[in-house]
Amino acid sequence: MILRLFILLSIITVYLQLSVGIQQQFEFAITLKSKILFVDEHWNVVNTAAHEFDELSALTFDESEERIYFNDGQHQNSSIFSLRKVGKSNHLAEQTIQRYGNESVGGIAYDPLNRTIYWSDLLQKKIFYASIDTVATEMPKILVDLSEENGTPYGVAIDICGRKLYWTNSNINHPTVERIDLNGTGRLAIIDKNIDSPRGIVVDQGAKRIFWIDDLKGIFFAVMSAQLDGSDVKLVLKDKNHEPQNLAVTRNAIYWTDRTTKSVWSHLKEPEIATTTTTTTTSTTQIPTVEGEEGTGAMDDNDIWPVGDFETTPKKSPLERKINLTEEARGIVARTGFYQLQKDSQCSKVIQLVKQRLDESQQNNRVLNVVDEQLDELQREHCLGGGTYYPQQKFCVCVPGYKGTRCETNECHNFCVHGTCQISEMGYPKCYCQPGYSGERCEVKKCLNFCQNGGDCQLDELTGEASCQCPSNFGGLRCEHNSTEICGLFCRLLKHDSNTSVPFGCHDICEQLAKDSSDLIAIPEYKHLDVCLAPNAWTGSVLMPLMISLILILLLLTIFIHGLRRLYKPKRPHIKKTFVVRKQARTNSSSDTPLTNRPLATEQCEITIENCCNMNICETPCFDPKLVEFAKSNCKDDKKILIHNMEDDLY
């Protein structure tokens, strides 16, 4: 009887612990100056902790064991503490890293596989690390020493799956974003251009990207993004009048703390517009506040600023203030669904090893008996959806597709409005929409308000894209263009400038408008311009290439024929004949005088035909005075004279 009563009391005790111990799960943790704030997904405060500290700054979240690690700058004995949230109003802070000097912690990161803490020291300009299992017996070790190069390590973040540590170097002369393997090898500066003063940094395991804050010159700041190897650098947003320090990421958004406005701000990870301004938003949603401070949700209208390449037209900004705080906001962490990454090929092995270590730790601290068997059954029933309960940490590890403190929420339940839901490889719900629907949750009907001005919306059977059948006098993809208004504008211009080109189809519209306003409207000369709508296939872009092709073919054919003629034409015979000049001069002319008759040649003069100027005797020094004297023909006839006096025929 006593044994049964003991078992019953034990079961009741455990049940109360399960039901009260973790009543509401937090999604974000924020360090203020003197406390840590826990808020849910709607940014409602669910708990506060660490009230005994006075100078909190950086923090990190071990999602595998539900522990917060944070820094206090004024504690005399320790610099880094751990906080285990055990209830709605209960927490336990423990000393983790002892203080060994005048440290100034800039950022903290935690590796759940090796249970190792990494932190940057702004004063010593080094990055340290220590295992929480051996920190009581071993001194922290140096992973990276930037003191010799005058570097300043600020933010640190761990790629848990890729086993690398990332940090920002805020050296004013040579700022960088760097990484190193967790074993201390392979240091590499992955970003060293177009960067001013980088601050906080975070690794997005799902998107396999890094995000960091860059404190730009003047009053501006930027949030940047890049692949894990430093490629594909993107500007997520650029704004002013903020003093951001640290940031966190979730599946869709980025969050950062701002000391100037004492707020937490958010922005989409994939912005619709790259450059934003903090302008007044049309949203009427009340911004959550802490301890009575009112929230406006946006800057004043006077803060709209047209500078450089930024937007000059006020519009609804994707930059959103999430919560107003009474103290200076410093560090921030977010729940990212660590165990949901077990579907990722790179992360699955790491997560399996972490779960294996937790299972071994749980088995080593248990003694099986009747009470334990009853507790096992109760704990198995506590975690729903196939989740596993860890009594030492007092939380459930959910399988992919489930979330909540008891894994009670199926992420696919009612997620897709008009479609089928499946859990993606990254552990997130994904919708496959029915024809005619789109959106992340298939909540958008493609034809809803798609066609304007009475247009009829139709869906393509193959692509599923929406198109519009527009009524008369309307056109455009969504029937957004009023043909009457457009033609009226052109015909008004035509009234003042006769060279104005009026679009096709405006003749009848302008003619109708001219009946009421003939002094303002001119009617186009041509009623139909079919050639503008359907150009002749034998003109323009078709005829010109065809003509060029024909000309090239004829040119090639001519070259080919000329080559054949040169190849097969018989060679011309080599002519070498001699023209002989007589030795005696004429004696039968009574007009011969020493002045008119040349002296007799002492010997025979001859010329070779092939040396003549193209069979032309006019330019040769040898001549026949008798034949040339009475010849009045031109040089073309010299060939006949030359041939006439040959010793024999040419051929």
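Cβ coordinates come from backbone N, Cα and C, glycine included.
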**Prompt:** Of the listed cysteines Cys398, Cys421, Cys431, which one does Swiss-Prot record as disulfide-linked to Cys407?
**Reply:** Cys398
**Asked** Looking at 180-201, 224-245, 290-311, which one is region 'Disordered' according to Swiss-Prot?
**Response** 290-311
**Message:** In Swiss-Prot's disulfide listing, Cys468 is paired with one of Cys451, Cys487. Which one?
**Reply:** Cys451
**Request:** Look at the disulfide annotations in Swiss-Prot and name the partner of Cys416 from this list: Cys412, Cys431.
**Result:** Cys431
**Prompt:** Across the repeat 'LDL-receptor class B 1' (115-162), what does the pLDDT come to on average, as a whole number?
**Reply:** 93
**Request:** Counting other Cβ atoms within 10 Å, pick out the least crowded of the disulfide-bonded residues Cys431, Cys457, Cys468.
**Result:** Cys457
**Message:** I'm trying to understand the geometry here, so how far is the Cα atom of Asn499 (N-linked glycosylation site) from the Cα atom of Asn102 (N-linked glycosylation site), in Å to the nearest whole number?
**Reply:** 81
**Asked** Going along the chain, which residues at least six beyond the ends of the domain 'EGF-like 3' (443-480) come within the CB cut-off of under 8 Å?
**Response** 417-418, 435-437, 509
**Request:** Tell me the Cβ contacts of Cys383 (disulfide bond) under 8 Å, same chain only and six or more apart in sequence, or just say none.
**Result:** Tyr389, Cys396, Val397, Cys398, Arg406, Cys407
**Asked** How many other Cβ atoms sit within 10 Å of the Cβ of Asn77 (N-linked glycosylation site)?
**Response** 7
**Prompt:** For Cys421 (disulfide bond), which of these recorded positions sit within 10 Å, Cα to Cα: Asn102, Asn114, Cys447, Cys451?
**Reply:** none
**Item:** Other C-beta atoms that fall within 10 angstroms of the C-beta of Cys412 (disulfide bond)
**Value:** 16
**Pairwise CA distance, Cys479 (disulfide bond) versus Cys431 (disulfide bond), rounded so that it is a whole Å** = 30
